Amino acid sequence: MRGQERAAVCDVRQSLCPCSHGEGEATVSPHGFYQVPPEHSQDANQGSVASPGEKNLETADAVAACCCNGLRRASAVAPKALNGPRERQELDYPIDPGSLPPLRNPDILVGENDLTALSYLHEPAVLHNLRIRFAESKLIYTYSGIILVAMNPYKQLPIYGDAIIHAYSGQNMGDMDPHIFAVAEEAYKQMARNNRNQSIIVSGESGAGKTVSARYAMRYFATVSKSNSKAHVEDKVLASNPITEAVGNAKTTCNDNSSRFGKYTEINFDEKNQIIGANMRTYLLEKSRVVFQSENERNYHIFYQLCASAQQSEFKHLKLGSAEEFNYTRMGGNTVIEGVNDQADMVETRKTFTLLGLKEDFQMDVFKILAAILHLGNVQITAVGNERSLVSADDSHLKVFCELLGLERSKVAQWLCNRKIVTTSETVVKPMTRPQAINARDALAKKIYAHLFDFIVERINQALQFSGKQHTFIGVLDIYGFETFDVNSFEQFCINYANEKLQQQFNLHVFKLEQEEYMKEDIPWTLIDFYDNQPVIDLIEAKMGILELLDEECLLPHGTDENWLQKLYNNFVNKNPLFEKPRMSNTSFIIQHFADKVEYKCEGFLEKNRDTVYDMLVETLRASKFRLCANFFQENPIPSSPFGSMITVKSAKQVIKSNSKHFRTTVGSKFRSSLYLLMETLNATTPHYVRCIKPNDEKLPFEFDSKRIVQQLRACGVLETIRISAQSYPSRWTYIEFYSRYGILMTQQELAFSDKKQVCKVVLHRLIQDSNQYQFGKTKIFFRAGQVAYLEKLRLDKLRQGCVVIQKHVRGWLQRRKFLRERQAALTIQQYFRGQQTVRKAITASALKEAWAAMIIQKHCRGYLVRNLYQLIRVATITIQAYTRGFLARRRYRKMLEEHKAVILQKYARAWLARRRFQNIRRFVLNIQLTYRVQRLQKKLEDQNKENHGLVEKLTSLAALRAGDTEKIQKLEIELERAATHRQNYEEKGRRYKDTVEEKLAKLQKHNSELEIQKEQIQLKLQEKTEELKDMRGQIRGLHIPQPAGGGSGGAESPGGLGQSMGEALVSEEEIPGRQRGKVLGYWQGGMPPTLFHMTDIMVLGVHGNVGGEQKGLLEKSFELKTQDYEKQIQSLKEDIKALKDEKSQLHHRLEEERVTSDGLKGEVARLSKQAKTISEFEKEIELLQTQKIDVEKHVQSQKREMRGNKDMSHCAQVQTKLLWVCHCRRDITCDWLSVEDLEHLNEDGELWFAYEGLKKATRVLESHFQSQKDCYEKEIEALNFKVVHLSQEINHLQKLFREENDINESIRHEVARLTSENMDLEEELDMKDRVIKKLQDQVKTLTKTIEKADRLPLSAANDVHLSSGPKEYLGMLEYKQEDEAKLIQNLILDLKPRGVVVNMIPGLPAHILFMCVRYADSLNDANMLKSLMNSTINGIKQVVKDHIEDFEMLSFWLSNTCHFLNCLKQYSGEEEFMKHNSPNQNKNCLNNFDLSEYRQILSDVAIRIYHQFIIVMENNIQPIIVPGMLEYESLQGISGLKPTGFRKRSSSIDDTDAYTMTSILQQLSYFYTTMCQNGLDPELVRQAVKQLFFLIGAVTLNSLFLRKDMCSCRKGMQIRCNISYLEEWLKDKNLQNSLAKETLEPLSQAAWLLQVKKTTDSDAKEIYERCTSLSAVQIIKILNSYTPIDDFEKRVTPSFVRKVQALLNSREDSSQLMLDTKYLFQVTFPFTASPHALEMIQIPSSFKLGFLNRL
């Protein structure tokens, strides 16, 4: 093939010789291609576009090679003489421009993503562009307007992963490299935006990759529209592909997995644009493949999968064997496909059946029918004579066939060899010959398989049905392309008929898009002549067309193919130009299709169209016991597919229908009806086109066969699209793109215009004279074919001319410098050489000796003469000096005498002049000072006014704050007065209560003293009665009462002694009555003196000493009972006294606390009053500042008025100017105010210089004065600023104090209320105790010792109160109640808003508060309480994260607090590894009772989940900015130049996003960083998050670079490198160099370097291999293949260089993936950082609303 191309190129080059360049003639451009003037470029281009079928392929290949390699001018050598020297002559031959080959596009346009962007649109240019992209750049996708051209690479490429899908998701079509995913995204986006149904039409030859392309499109939809439901509809939709491929695909000579049916898959979406179901419709299954396959072809895959699994247990009952054993699977000769495992594919098929919900019994039914078909093919039919045939009833395969399908063997055997003919009068059974029987058997097999195929598709549709409501759908049409073979039959006829319909729809759609574009841009619309294939369609489907004649022939009992063909000849030959009869054949006909002429063989047309199975066989199968088989042949009509019911539009053309029932049942009529329904669907949707191209027939990877590709491009309509585009304005540029690209062609006057649109119009009018070659739209400029190439040539010439000028000057400068250097070197050499030569000629040895001797003699002689002359001159000079000096001295003396008076006069005159000059100078200096001071003051006033405005604003704000603070102070004072009143009332009550208590104590003491007196009196009376008792003792003894032991001693000294003596007297039980004796003993035992109450009884005892013994017992019992009663009363009194003591101590303690509180309040009131006085002082200072400001303003105004009133200001300015001029130009003084004589006098003694020195000193004085004033002003300003700062600090302090006072007052109010209520309770209790005391006053005599203890108690209680009233020490715990737990979680976690709160609190404050509550639960040793708190906390954090799952600030805040809480649990766990950095107080706060390690693990998991969501939110926010900022924005302005794209974006592909820049990325990163720092996130976590973000930036940018060929240029590499440096500077500015974020950008940095480095030599390849270590081999090769020069001065990367680099990279063992995984997350580690905050010092802000928590 290449040899043919070279030969064609040589022939073309030898036959073409450019002529001399006259007007309208072609010229040769510097690029090596012909350049036609603009007015002829369109004609030349149009002349090069061939109509379909006009050009043969050899010419196209030759022209393509010519176009790609360029043409050279022809030259000839004409010899003048046979043997003489030969002279070279150049002969020019005139050539008609119309006969020239097509013009080549500029190099800058070669390899474009869109073929319509080419300036010259013709077949050679299209072929060359596709060759460059496919064979050299390894790019398989190319746009051609709205068509995606997909070349089959015959090789697995890493461009279909999920990363690629996500990269194309959301992108506009044309922004990235062409891809099937870009078309799918465009369809999905238009569906979502416009709520309009879409269709993707995939067509092409067998083996071109239609099935794979359709599969990738469906996979894209399933990925980007994945729902959250558990139905997995997307997986089911994708699972339908393996099943349909198994039962509908087969190996052909062109393709190992060729689809033998057309398929339209409708993917249904809901209102959220998520997949909810799908539906499928099939067209024209190739049933003949079931019974016949050509050589090297196979039957459908499912048969071979079944045979490969025949030995498995579940398939044993099918009685199958290998595929070689069956007729229907071995016809092709080879039953195995290389690299395909049929058994493994069977497992996959069954899995997909199961995934779709088709269970085992259904699968077994399907496999049973398939096995029956294989066995049916092996049924042997033998011939019995010439008219009959026979099937043996004992045939093993027939037996298995009947068993599997539940049929009667005899009937099947009978009706396979016979047929029943039913007439009106009789029924005849007619035997069939063996060929007829074989045809009947094969027809039955085809019928069964067709029914099975339809049944499987129906069940798949049922599995993909959905319950919801369909909103929109996207249809994917995978249909056969235009086919032409050596033998074309009925299948090819139907296929080409369908392609004619699709091509017509495609032409109309392209025409419509072109018209919409022109109308949108207000471009005059002109009719474009395009190929209309309606005549061909009418030939096929119209009334009395080919299909109708075919159906009509099928109705005839004896209709044959020959009769039908003869009818075609009679109706169309010489009547329809699109129908022809072959010259050498009577069994064929030719149809001129849109792509090519096709010759069809009529053999088999009728049989295939009828598709008949004999009725008796159908009846036999209808009676099958196998239900599925019987259902296939039921008479009930097949219900219409639900697919068609959803089409709500009507066809634009009425569908042709027939009244004949049999007519509608033919294959042709069915296919035509389904085709009409398909066209209805496509017309109701927005179509998108994918044309699959087969690059070669040998299935070689990346091998380009031009002849085959041109055939397919013509057949699929790509060239027709290009032809339509070429007739109008194919090149379309926006004004901005044109201005940026061709600004170099604009003049300075044109660039001066502000309106770029107007500039473009002016430039185009100047550059292209013919205005018909372009049109100006609203947003674009439309060019005819060739004009962009012409502009590119002008631009290149301009650049080349500029380069030549620069080279000229640089080379001239280099040559001049070289010449001067060489000239200087030559002169030096000459000088040295000539000197040496002269010396050698003139000097000899004798001459040297003589010259030396002469020099010595001359030296001594000259010395003697010079010494004599010197002596003589010296003597003469001294003599002359003496006389001269004397003469001058005498003359000077005489002159001094003569001029003494003149000198005096001069002295006074000069003094007067000096004084006058000094006064003038002083006046001038003063004027200068005044002017300078005025200027300085004016400037100072302006600055002061600005500062005053700022101060006024600050004073205003301070005044407002002061007013608010004053109101707060007044409110506080009112509240303090109320508190003071309340305190006074409380103190008054306390005093009253104290007085009452003291009164009571005084009464008790008085009563006590009275009791002492009574006691003394009683003792005296006891002493008096002692004597009487002694007498009575004698009387008692006289009564013969015995004395007890030890009695009588000390009886007169005490009551005890008296009692003892009384006991002695009462011992006798026989003589004293018992009751009275017990009474007496009870009195004494109870401690009561007998004199008051019971003396009479004692006396009675003495009188009745003779009482009987029976009264003795009663007396004893009475004594015992009374003794017990008194003991109980004494015990109760002791308890009451103890309670009184406790209450008294508590009262003392509370009184002391109130006293301390009141003292604190007094101190606070005093401090607040002092601060209030300070505020008044501040007010005075503010007023003083205001007055000073007013004075300064008045002073400034007065100075201004003085300046206005000064009439001599102009004169002062003139004087100032003159004086300065005098100072700088002393020699040219010509001032009016100094005469010439004065100037002479002034200059005599340098007085002007002295004046100048004086002026400089005065200037210095002024400068120092002004400097001092400036310092003073600056000090005053600093003082004022300091005062303002001080005032603001004081106000902040006051506000803080006010807040504290509010808190204190609030707590005081609560405490006072509590104490008041307690005081009331105490008063009630005191009243009760008073009543008790009154009741017990009668028994106070026995409580003397207790009262003395009570008198000592107040002092000890007061001491206790004093000790307890010291400063409080907190324990770092927060007390809370179990019922307040829900409120704690709600206020602290769920309702807390971080914004506005984070700034004023310590990091992780909520976490510390939670931990302090945990400590409290731990201190109580309450496991349930602690467990409940921890679970509630974890659930609350999970809930708040779930509620704010997209809120970055909230996620950052709770990630920080979760980590702080986790660190607190570790820090205070008591484990040594976490206690290293604790203080002693922190070690005291460790948990004591519980181990929370399990909860630490749970919290760690929660933190990881929050971190991952946190990273996802950051990535989602920054990802849309990355590509525009890193790739598209020009950080280095003017470096990148737009290259022509010409891509026509769809209506939905409008860039509606904001223009993001690199600054946007840096701002977003800064926002993330600032928020993380404000929320107190650990620095290590911040570094990990930044590292993750930088990895995302690098990965997304690099992935987009891989998918955007237009970005792979040297200049873009410089832009990327610049943007990376910005990111590195940001890291340095934030002190994040140690975060390893810079290393994540290394692949992107190496890619940028690879774009910039030289790529030509072996050393360059080695350097690339050594440097690009972070890029994989696939990525390096991808960048090299995608490298696209922006200008002609950049060189493309040659394929040989790419092969060199690839050879070096083969030794690497790295990933074969092209894209980086943007979803990759680095492993996160949560560092332990001990909290420096002491728990006991943490305070809870009031904004947290946690007043129910108490600090312990």
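Positions of Cβ are set from backbone N, Cα and C atoms, glycine also.
Of all ranges given (30-54, 1005-1029, 1105-1129), TrEMBL attaches the label region 'Disordered' to 30-54. Of the listed segments 675-697, 744-766, 1595-1617, TrEMBL assigns region 'Actin-binding' to 675-697. Among residues of the same chain six or more beyond the region 'Actin-binding' (675-697), those with a C-beta under 8 A of the stretch's C-beta atoms are 134, 144, 146-154, 180, 183, 186-187, 190, 194, 196-205, 207-210, 213, 217, 254, 264, 281, 283, 475, 477, 481, 497-498, 501-502, 505-506, 509, 644, 647-652, 655, 703-705, 708-709, 712-713, 716-718. The residues near the ATP site, meaning same-chain residues not in G204, E205, S206, G207, A208, G209, K210, T211 whose C-beta sits within 8 angstroms of the mean position of the site's C-beta atoms, are N152, C254, N255, S258, S259, G481, C692, K694, in sequence order. In the predicted model, residues of the coiled coil (927-1035) average a pLDDT of 81. Around the Cβ of K210 (ATP binding site), 28 further Cβ atoms fall within 10 Å across all displayed protein chains. Broken down by DSSP into helix, strand and coil, the region 'Actin-binding' (675-697) contains 9 helix, 8 strand, 6 coil. Fewest Cβ neighbours within 10 Å among the binding-site residues S206, T211: that distinction goes to S206.
Most Cβ neighbours within 10 Å among the binding-site residues G204, G207: this distinction goes to G204. Counting only residues at least six positions away in the same chain, the Cβ atoms of C254, G481, F482, E483, C692, K694, Q712, A715 sit under 8 Å from the Cβ of E205 (ATP binding site).
For G209 (ATP binding site), the same-chain residues lying six or more positions away in sequence with a CB closer than 8 A to its CB are A150, N152, C692, K694.
Around A208 (ATP binding site), a 10 Å sphere centred on its CB holds 26 further CB atoms from the protein chains shown.
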